[in-house]
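Here is the structure we will look at, set down as structure tokens.
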Amino acid sequence: MDKKYILALDQGTTSSRAILFNKAGQIVKVAQKEFTQIYPKAGWVEHDAMEIWGSQSGVAREVLETAGVSPDEVAAIGITNQRETTVVWDKATGKPVYNAIVWQCRRTAAICDDLKAKGLEAYIRDATGLVVDAYFSGTKVKWILDNVEGAREKAEKGELLFGNIDTWLVWNLTRGAVHVTDYSNASRTMLYNIGDLKWDDKILAELGIPKSMLPEVKPSSEVYGHTDAKTFGGANIPIAGIAGDQQAALFGQACFEDGMVKNTYGTGCFILMQTGEKRVQSKNGLLTTIAWGVDGKVEYALEGSVFMGGATIQWLRDELKLINDSADSEYFATKVDDTNGVYLVPAFAGLGAPHWDMYARGTMVGLTRGANRNHVIRAALESIAYQSKDVISAMEDDSGIKLAALKVDGGATANNFLMQFQSDILGVEVHRPKVTETTALGAAYLAGLAVGFWQSKNEIVKNWAVDQVFEPAMADADSAKIYKDWVRAVERAKAWEK
Ligand code: G3P
């Protein structure tokens with residue numbers, strides 16, 4: 001049968017999605033299912049790994065059925081995933097020994113403090129490109145081994161396997177035949193040396209993690225194995241691409257030249273700058289991460305995350321009840337000419353890159369008697385753009401590369417006011433592509449390249465089509481002035497919680 005499609009599996013933090021793409025990189029069909037978020041204690045976040053597998057395989061079958069596409073018409077499957085989320089399962093039974101510990105979960109903060117107290121911060125930073133934080137997988141694996149009865153003994157006997165969600169899905173899709181991950185996901189574990197491209201023995205020993213649990217690390221684009229006949233009605237589809245979701249989005253945005261930057265506006269904002277084969281060490285609190293391993297080489301990226309992006313608009317909607325629908329924020333923000341001097345710093349969960357202040361808290365400054373609802377809504381939208389600029393300025397400083405244009409994706413990019421303001425405050429063009437599902441698209445491209453569905457990255461560049469370009473329309477002096485006041489506002493938010 002003619003292989004006309006690539007199937008991307010996009011396993012995110014709140015939903016499992018399956019998207020079918022054609023050769024032009026266009027979406028043919030989407031299926032999506034939300035799954036349960038488990039909060040056993042304050043600051044703890046878990047997922048049921050079996051529910052993740054069930055929902056993900058379910059939407060994969062559903063998208064083919066609703067599109068009227070036979071599994072035999074699928075050239076390959078590409079996988080992209082919420083990163084860092086940690087699953088440990090029994091090799092023999094395939095059963096997880098504990099719920100998946102989600103990237104957002106803070107339960108291992110004390111293990112991180114301990115690593116810092118032992119003076120390991122610089123070593124870990126150098127080896128893995130990461131700051132020591134509960135965000136990453138390494139301390140989550142240790143927690144499971146320390147806290148689940150019998151887990152450590154079993155792990156030491158080689159009976160348990162660890163994987164992030166990509167690994168878990170591939171293992172299940174192949175019915176336990178393949179235990180792999182790709183460079184981009186490995187680089188988020190805090191266990192992987194991103195220079196030597198090896199699991200780091202010293203960190204593994206420190207955390208007491210047996211090497212036998214770890215998946216084999218592979219390039220992001222190659223045939224890792226085939227789906228077991230039972231998953232797709234007898235078809236053995238090649239699984240041919242894997243990347244963490246933010247790196248996949250960078251790939252889907254065709255950011256192939258050094259210095260190209262994408263920003264995904266979701267709950268938070270994830271900003272990545274491609275730095276090519278150069279591994280840039282940040283002086284400004286950004287992470288160094290592997291972008292992907294493709295065409296026989298590993299390329300790197302600088303990454304900065306803003307904790308409160310779209311979530312700030314949800315806060316206006318759900319807590320302040322200033323709007324009924326997130327999309328209305330654009331309408332109200334444009335009813336006023338400016339914020340009337342109001343700044344909102346949405347440090348509700350502290351501040352991420354480049355500030356890394358766990359004790360910062362949400363702050364509103366500049367209020368006067370004339371400040372109204374529209375000013376606050378506008379200030380909330382502007383805060384997303386300001387925070388993104390904070391990260392991008394740090395990236396420019398670290399890399400010595402001046403941003404030429406910003407490629408954007410994610411839900412909040414539908415907000416034209418936000419996109420225009422982002423362009424104004426950065427002083428560069430903002431490019432919104434036609435396909436904003438760039439995460440899934442990136443995974444599809446990685447898989448398609450491995451099986452010859454697409455021939456080269458050039459084809460991907462050609463497929464990338466712009467929907468709208470936002471050009472900076474604000475005078476430099478004006479944007480500099482309002483940004484200066486933003487910086488002052490951020491200082492007020494810092495170190496609030498003692
Ligand atoms: O690092 C976490 C990130 O991969 C999660 O992405 O889109 O599932 O919120 P998302």
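Every residue, even glycine, has its Cβ placed from backbone N, Cα and C.
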One of G163, G176, G411 listed by TrEMBL as binding ATP at the site of T13, T14, S15, T267, G310, Q314: G411
Same-site residue for glycerol (record: TrEMBL; known: R83, E84, D245, Q246; options: Y39, Y135, Y192): Y135
Where the C-beta lies under 6 angstroms from ligand 1, the matching binding-site residues among Y135, G310, Q314: none
Cα-nearest neighbour of E84 (sn-glycerol 3-phosphate binding site) within the listed binding-site residues, T13, T14, S15: T13
For T14 (ATP binding site), the one of Y135, D245, Q246, N415 that lies nearest, given that the binding-site residues are compared by Cα: D245
Where R17 (ADP binding site) falls in three-state DSSP terms: strand
Local confidence of the domain 'Carbohydrate kinase FGGY N-terminal' (5-252) - pLDDT mean: 95
Other residues, Cβ within 8 Å of R83, E84, Y135, D245, Q246 Cβ centroid (glycerol site): Q82, T85, W103, R188, G244, F270
Residue among binding-site residues T14, Q246 with least C-beta crowding, 10 angstrom cut-off: T14
